[in-house]
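Enquirer: Pasting the relevant annotations from TrEMBL:
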type     : residues : note
DOMAIN   : 9-127    : domain 'HotDog ACOT-type'
ACT_SITE : Asn25    : active site
DOMAIN   : 188-302  : domain 'HotDog ACOT-type'
ACT_SITE : Asp219   : active site
Amino acid sequence: MWAPQLHKGLSPLQLCRIMRPDDANIMGNVHGGIILKMIEEAGCIVSTRHCNTQDGDRCLALLVRVEKTEFLSPVFIGEVVHITAEITYTSKHSLEVQVIVMAENILTGGKKLASKAALWYVPCSLQNVNKIMEVPSIQYVSAEQKEEGRKRYEAQKIERMETKARVEEVMPPLPNSEDATKEPHTVGFSQSSLIHLVGPLDCILHDYVHGGVTMKLMDEVAGIVAARHCNTNIVTASVDAINFHRKIKKGCVVTVTGRLTFVSNRSMELEVLVDAASLVEKEMKKYRAVSAFFTFISLDKDNKPLPVPPLKIKGEEEQRRFEEGNARYLQAKAKRLADNRQ
């Protein structure tokens, strides 16, 4: 994913901080949501800086999509996380930022690649949040690099619209109380929701929710679902594309719902949906704001993968989601094999 020196004249942004106990689960593994939040903060900073190098209204870059993100190595309390973010493509109204996450053991000096990500931002005017600003172009090293970026831009735009059309029509069912009390390893048994009132600390300058805050909440809910299903230590293995369909404003109540869609021998796929509704503006109906698929794995006390209990499917809808998840699983597996051959 990472492609350095795609352009001239721009310096990558670098952030780092030590991981604290409140960043991790009870087993000492840093939450994937913490890493996602740091990735988004770095992307927001480098994008906003770039967009404000031009004359005109000052603007703030807002997150609209995160491509599939792999969590390649676990991060632990006491390690220092280094985030490097670089703008790799610009269209007229959007930017692609690619990010590398390294984890450093400060006692030994050893470093490991923890994660990679690609994010897309659009700059919005500080005077009018609905006004999307033009993005200053970057200078590419070659025409080929620019063309590759354009193809990624076109592909994500199509996928974002297709995902929005699909998820807006689907509201997650409430957990079945009988499943929750009588039958483990069903979708209803592990399905979980988190309700959060958006306050000032969650927001950026526009009084809209910071993308990293939303991703952290999504990872927390996904982790609860995975832990309920396995009853073991679990960690985020990857996140499929996260699509931000609509902005969430301060004063909204967000409902973050996670449910299992597919289980293989060693991994679990969960769909996480974020719905929002204003607490004070009664005319604003609940709407779908964000959607994504998370993949978790189960670990033993030595952080070695454990088998995952099979998912008990009930009904045509759950079967359909399971088959779609299986297709995504096989596609991802084939891609990993192809990458390993290169």
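Cβ coordinates are placed from backbone N, Cα and C, and glycine is handled just like the others.
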Enquirer: Tell me which residues of the chain lie with their Cβ under 8 angstroms from that of Asn25 (active site), as long as they are six or more apart in sequence?
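Expert: When sequence neighbours closer than 6 are ignored, Asn25 (active site) has His31, Gly223, Asn233 within Cβ distance under 8 Å.
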Enquirer: For Asp219 (active site), what residues in its own chain, 6 or more apart in sequence, show a Cβ-Cβ distance under 8 Å?
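Expert: Set apart from Asp219 (active site) by at least 6 residues yet with Cβ under 8 Å, we have His31, Gly32, Gly33, Leu36, Thr236, Val239, Phe294.
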